[in-house]
Amino acid sequence: MSYNDPNLNGQYYSNGDGTGDGNYPTYQVTQDQSAYDEYGQPIYTQNQLDDGYYDPNEQYVDGTQFPQGQDPSQDQGPYNNDASYYNQPPNMMNPSSQDGENFSDFSSYGPPSGTYPNDQYTPSQMSYPDQDGSSGASTPYGNGVVNGNGQYYDPNAIEMALPNDPYPAWTADPQSPLPIEQIEDIFIDLTNKFGFQRDSMRNMFDHFMTLLDSRSSRMSPEQALLSLHADYIGGDTANYKKWYFAAQLDMDDEIGFRNMKLGKLSRKARKAKKKNKKAMQEASPEDTEETLNQIEGDNSLEAADFRWKSKMNQLSPFEMVRQIALFLLCWGEANQVRFTPECLCFIYKCASDYLDSAQCQQRPDPLPEGDFLNRVITPLYRFIRSQVYEIVDGRYVKSEKDHNKVIGYDDVNQLFWYPEGIAKIVMEDGTRLIDLPAEERYLKLGEIPWDDVFFKTYKETRSWLHLVTNFNRIWIMHISVYWMYCAYNAPTFYTHNYQQLVDNQPLAAYKWATAALGGTVASLIQVAATLCEWSFVPRKWAGAQHLSRRFWFLCVIMGINLGPVIFVFAYDKDTVYSTAAHVVGAVMFFVAVATLVFFSVMPLGGLFTSYMKKSTRSYVASQTFTASFAPLHGLDRWMSYLVWVTVFAAKYAESYFFLILSLRDPIRILSTTSMRCTGEYWWGNKICKVQPKIVLGLMIATDFILFFLDTYLWYIVVNTVFSVGKSFYLGISILTPWRNIFTRLPKRIYSKILATTDMEIKYKPKVLISQIWNAIIISMYREHLLAIDHVQKLLYHQVPSEIEGKRTLRAPTFFVSQDDNNFETEFFPRDSEAERRISFFAQSLSTPIPEPLPVDNMPTFTVLTPHYAERILLSLREIIREDDQFSRVTLLEYLKQLHPVEWDCFVKDTKILAEETAAYENNEDEPEKEDALKSQIDDLPFYCIGFKSAAPEYTLRTRIWASLRSQTLYRTISGFMNYSRAIKLLYRVENPEIVQMFGGNADGLERELEKMARRKFKFLVSMQRLAKFKPHELENAEFLLRAYPDLQIAYLDEEPPLNEGEEPRIYSALIDGHCEILENGRRRPKFRVQLSGNPILGDGKSDNQNHALIFYRGEYIQLIDANQDNYLEECLKIRSVLAEFEELGIEQIHPYTPGLKYEDQSTNHPVAIVGAREYIFSENSGVLGDVAAGKEQTFGTLFARTLAQIGGKLHYGHPDFINATFMTTRGGVSKAQKGLHLNEDIYAGMNAVLRGGRIKHCEYYQCGKGRDLGFGTILNFTTKIGAGMGEQMLSREYYYLGTQLPIDRFLTFYYAHPGFHLNNLFIQLSLQMFMLTLVNLHALAHESILCVYDRDKPITDVLYPIGCYNFHPAIDWVRRYTLSIFIVFWIAFVPIVVQELIERGLWKATQRFFRHILSLSPMFEVFAGQIYSSALLSDIAVGGARYISTGRGFATSRIPFSILYSRFAGSAIYMGSRSMLMLLFGTVAHWQAPLLWFWASLSALIFAPFIFNPHQFAWEDFFLDYRDYIRWLSRGNNKYHRNSWIGYVRMSRSRVTGFKRKLVGDESEKSAGDASRAHRTNLIMAEIIPCAIYAAGCFIAFTFINAQTGVKTTDEDRVNSTLRIIICTLAPIVIDIGVLFFCMGLSCCSGPLLGMCCKKTGSVMAGIAHGIAVVVHIVFFIVMWVLEGFSFVRMLIGVVTCIQCQRLIFHCMTVLLLTREFKNDHANTAFWTGKWYSTGLGYMAWTQPTRELTAKVIELSEFAADFVLGHVILIFQLPVICIPKIDKFHSIMLFWLKPSRQIRPPIYSLKQARLRKRMVRRYCSLYFLVLIIFAGCIVGPAVASAHVPKDLGSGLTGTFHNLVQPRNVSNNDTGSQMSTYKSHYYTHTPSLKTWSTIK
């Protein structure tokens, strides 16, 4: 169609052809150029046609005509005019018939088939075994349409001749093995015999025929059927065959399970087996029968495989169809059982045995419809549901069982892996199913009590011990090497009487032997891994490894490593050299290295001898389903080795020289230093003396964590380098010097996009290229990416030729000038979307791309998109109204600022439409000249909201424009429907004879093109909630169907139960835009398949995909999310992308040739998944959107490029293409156990890898993808991913991959997936360990007199002053550590910078990097890392991982302080503030510049949520927010409030305590989730023990800093610092308890009475208690300062220690004393109001007060902490909000909007403005009052210290003696102050004979 066609005005509304992105009407300003239709095809006049453009008998070279046969291009291969398309047998009648029921999933067009005698088809050309791959099946051939002279007949005759059959490649071929009627009869017969549903049968018939048609279009029908049977049933890659042999069903069929004797073969049997094997290898097809007789009785896998292939080879086409049909019918109704592929195989096997039996064939009456579902599937479904949900009060409630108690899909499935499992299937009468004859088993399936059959086959226990087993090799490669490094560099530990002044060395044997203990460490790790495996894999399961032998082997190896080392230390006395010991030590070191290497390389599952050895069939199932890894070959394998050799070579070298050697001096000094301290009242100087050794222990532990971190650092660097190298190799980098990407673009379009080899009518390439290029440009114009003047410059135009009367095509100058870099303003708007898209298109075509097949040969594929509640189409209200009270901008305003050029194009377009419509309606010409000002005023509405008239067609345009620039389903559908346009375009361009055939009949041509597109491409949206949509959602869904009639929507339909008390009936239904609309406005479904019950048993998405999966069509599925986009130019590459599956052009081998070895063929590892790139279209919408986009780009592109090559890429959902047959027969496209499979997509990838599939990555194709844009939504996604990784750590997939992958693949898998998250965890862990080390180290430095240090002097020199402590090397370690953490952090930015550099050039990369730095994105990265690790820690400790829907909108609203604080306090702010206090102590105690980095990092943890909050620093909003914070703290105690401090505390606590099940129907119960109580052991490990270690570390530092080091005192002068901690920790708690008892008594006695006259009793009571708690805690802060003798440094460490001790107490109380939380908040309000009698708690009202009192004790301290911390955070923002115009600068930083495009401040009414100002004044006063009080608490004691007597507290005696720290005492006992000054040097010099004796 023309883009200046005035008849298109209303088309964007109904959009019947479904081809546009809303198909806006479009216009051309100038009329002198030739028009183009929607494919970019020039619309030619009849004259032009007569001039020969489309006459096959004439050829052109740029318009020059040649006589037939003399075209010089004929000899040039691709342009050669081969045999005519029409010279094919014309007499093939259409065999299909119409029987009143349309089996196709689309409505046929044209007259019914068989009506006309000439309704004929071109037969497929056989592509098997040796013919051309082209199929003409889809091209209509009408007798008499075109004759040899090129004459045309009546176009109507052509239309009548169109094929009406949806499966032409199969039905039109005379060699089809079975006619379609017979196939249909098979389906109907099976449906009757098994009781399948009729709709399911129709659906599966269409599914099967589409598969046959898809394959027949590129191979012969016979080969298509054979390959399909091989894929589903009998081929080496068929899952059914793999299962059949794994579960030894062949032996069941031969001798019966009951007669099987599995065990070792006798010697005689082994000899016979060897002989048979030789016979099979030498067998030829002729003597197959003889070989079969010879191997009879041989049960080996080879013999079984030979028998199988012989059997398959004898199958007739009828039997093949029947077998596939039966499998598909079982699969189509299997519901949740589709997630258990081997269970489904077992059901199919039983059904197949029954089908082949006489009992089935002779059965007179069919089984009732629904028998298969109700009798076979529903009992299994109900069992699976009962594991996750239980019935409480008549409704289904999620069970509280954790994963290790839930028998999930995988446990159910794995029962069927082994004959021993199948043998456990027992009837109610005790009969084993296997004891029945095979043909009787199917009818007995309904009698099995499944509850008694299934058991756990792997325990997903919530424990960190999974990491010990799964990643044992990682621990060995790090812990053992770290031990060896440290042992070698810590000689002082094993040197007798080491003295630094002499630097005496240890015996050589000791050095060797100590390092050799690394081998023992490795053995210990393996023993621990084996013991953990024992606890995770039940011995009951037949697939469990035999661990006893491995355990004893490991013990022996540990003994071999440990024994000689003990000998060395025992035999070799520490002062006497022994040659024997030296030799043993050295040998043992190399034995240890060998042990270390062996254990590092060998997978745990393959240690000593693999339990899956192929000589026995015992473990074939585990080999098949958990270890069929596709091997890497050639360059890929060497690259994989090279990557990891490089990583670990660099890592071990760098770690040794940088990390370990920086520890050498601190080890020497700290291990030999003993402190001269007075000590503590309770235990003297026992602890303070060894403070250096405690510090050393902490330093070694901290460095140990760093030792893990730098491996990940090197992985990032090496991966990036290799990825960059590959990008240069492929030619996708912008820096690649040898490409002229735009100059060569036309040629590349011709060679890489178009399949021109088989074209019948040959054209000059320019004619074909121009149509493709013009279509791309016009599609961009229609999407308002280009203005009309840009379009004119970019299009190919027809111009007069030099030959008179002829026309030729002129290429746009763009192709030449683009490479000259002078194109910025000439062809595109600068930095526009159009420029990006065309640049990528050009760049991608310069890479190697598989050759495309012709359109009619390409396979059929489906795009599948799950939809839940995402926006379909934005409403007008959402676009032009501010979305909430905190927003300052409407969505439309924001979009206009983000896309100014596109808005301008849209407005111009709309104005033209409005003017034309007005002219058409008024029927008169406009005045020629209007007043310019009036015209501008009239245009204002267009520029503001996009329309002037409120007519639906105008408002809809604006809605569509906004929806196409937001994350909506409409954007996704309009984008991916470009596949349809691309297929039509390619088909039209590559088959010009079709255009000729139709002549001027545009409608007939369009229908033919649509039919081809419909045949090759389906779009399926799984819209599970459609039946429950609200009216506006329904309206939007209906709009989609009208705009895109071929769109298919699968949804869940619900009907009330037939009988009362039963469950409602639920159906999977399918509709499209062709479905009839019923009276109620709904559409009549095409297919409606009943399910066993509600299919949503998991977290939603995977179940949603699974229920819709039965409606997919074709061979491949592309999985897409509802916030993606696609573009026409990318869709043109679809044929090449599908060719990546390596199934289109391969040499076909007969799959059932006997003698082909099982598992030895390269085809045994098909491509399961092809991943693709994503462009994050939200990348420039501010700093956070850009950070999220950058991460996605680097992960999805830069790393995926390398990972795919070295075998480490998995499936991440969108936008991957999957091999549908491979994946659907192996459990589907995702996994669905609730909680465990939270990140559902990645499990499908792991499943594919485990089962032998390959995963590739496609560089030249990319989709668009939206990402979260706000701080909260990005971190919600982060939390979901982190928690999901916690669940993955527990999963069996990680166990199989971790214990069975070869070392290089294992390392790739680990560092690409769990390693990233564990790295984040290690970073946070190292930060906390460092803080603990810093506190102790700086306490040591603060109390010591340090030596004058010169690093260049020998270590044996005497240090001055005499008696000093040389802690400089230890203090300098802080600098080295900081540098390490700094590098680890900044390395995260390397990939994104490199990615930007290679794709967009140096300038863009530098620009983006500095933009990120100036926008403080490093602070966000620090915070996000903490959220990752917090989510992971929390999930493994307490569970509760759940699906968090991610944000799809723009983050322009200011979020209240209270919401941000409550959301991030537990995960980051608390940890940051505790660490900040410790850092403050470290900074004050001993200043070092490197600590500035930690100040920045910890500031990020505390302040990041507020820095990235829009308009956080607007003055008025800030104080109104403060008002909201104060109200948040105080509300919720009188009556429930959704957003209150008490609600936040209760929800946080419930994650540990869990909720009670009792409900009283209160509103407060709605916000509570279903948290179950966490396991107490996990809580002790995760909460109490780390807290106790931290408290102990701080306490040791505190007692040391008070231990009076260097002070000349007596034992009587020892201070009582422990009592200070006890007082300041416990006194506030005791006072709080007293206050609570008083309040409780008062509320119980007078609360109900007061409540009658005072509505706020509860709030007042709570306010009093909370206020006292705040005051008490502040008072005891000052008390600690006083007790520490007004020393600020000592007070700081005292406060830190008190906080840690209180945390420990409260954790213990929560875990050990608190019972479950009620879902309602009645207990809380009753505590303050005294109204216990009306709570509805029943008898619990008697026990609840005690529980509530315990909780309130904790709450008062928490309230004080939140009050103080919240105010501190707000106070620190004061300097920022005082900066003039800070809000504008802050908005520029967040949104990257120029000042001219700034978001305006909101406009308020006078009343609102007055009210706001009054509130601001009031709360501003309160804010400054609190600020003054806080300042007073710090300034007061500091000033008072000068006026307080020096001997304060000296009068205290007894236990309280020295409670106050002495002030102004000298701690310098060095030099002349030493009591042993003169003899000091000599007394510390050892006698020579103590160290140098040599034997």
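Backbone N, Cα and C atoms are what each Cβ position is placed from, and that goes for glycine too.
When the ranges 474-494, 705-725, 1377-1397 are checked against Swiss-Prot, the one recorded as transmembrane segment is 474-494. Both Lys459 and Phe1791 carry topological domain labels in Swiss-Prot, but the labels differ, so the record puts them on opposite sides of the membrane. Counting only the Cα atoms, the space from Lys1558 (ubiquitin cross-link) to Lys1566 (ubiquitin cross-link) is about 13 angstrom. The Cβ of Lys405 (ubiquitin cross-link) lies under 8 Å from the Cβ of Lys456, each of these being in the same chain and 6 or more residues away along the sequence. By a simple count of nearby Cβ atoms, those within 10 Å, the most crowded of the recorded sites Lys934, Lys1558, Lys1566 is Lys1558. DSSP states for the topological domain 'Cytoplasmic' (1601-1620), grouped as helix (H, G, I), strand (E, B) and coil, give 8 helix, 1 strand, 11 coil. Stretch with the largest number of CB pairs closer than 8 A to the transmembrane segment (512-532), among 474-494, 1621-1641, 1759-1779, 1822-1842: 474-494. Taking only the Cα positions, the spacing between Lys934 (ubiquitin cross-link) and Lys1566 (ubiquitin cross-link) is 56 angstrom. When DSSP labels each residue, the topological domain 'Cytoplasmic' (1780-1821) comes out as 29 helix, 0 strand, 13 coil, counted as helix, strand and coil in that order.
Sorting each residue of the topological domain 'Cytoplasmic' (495-511) by its DSSP state yields 4 helix, 0 strand, 13 coil. Residues of the same chain lying 6 or more positions beyond the ends of the transmembrane segment (1759-1779) and with a Cβ under 8 Å from any Cβ of it are 1457, 1461, 1465, 1469-1470, 1473, 1502-1503, 1506, 1512-1515, 1518, 1522, 1525, 1529, 1541, 1628, 1666, 1669-1670, 1672-1674, 1785, 1823, 1826-1827, 1830.
Outside the topological domain 'Cytoplasmic' (1780-1821) by six or more residues, the chain places 882, 888-889, 893-894, 897, 900, 1180-1184, 1186, 1411, 1414-1416, 1452, 1508, 1510-1516, 1519-1520, 1522-1523, 1526 with a CB less than 8 A from a CB of the stretch.
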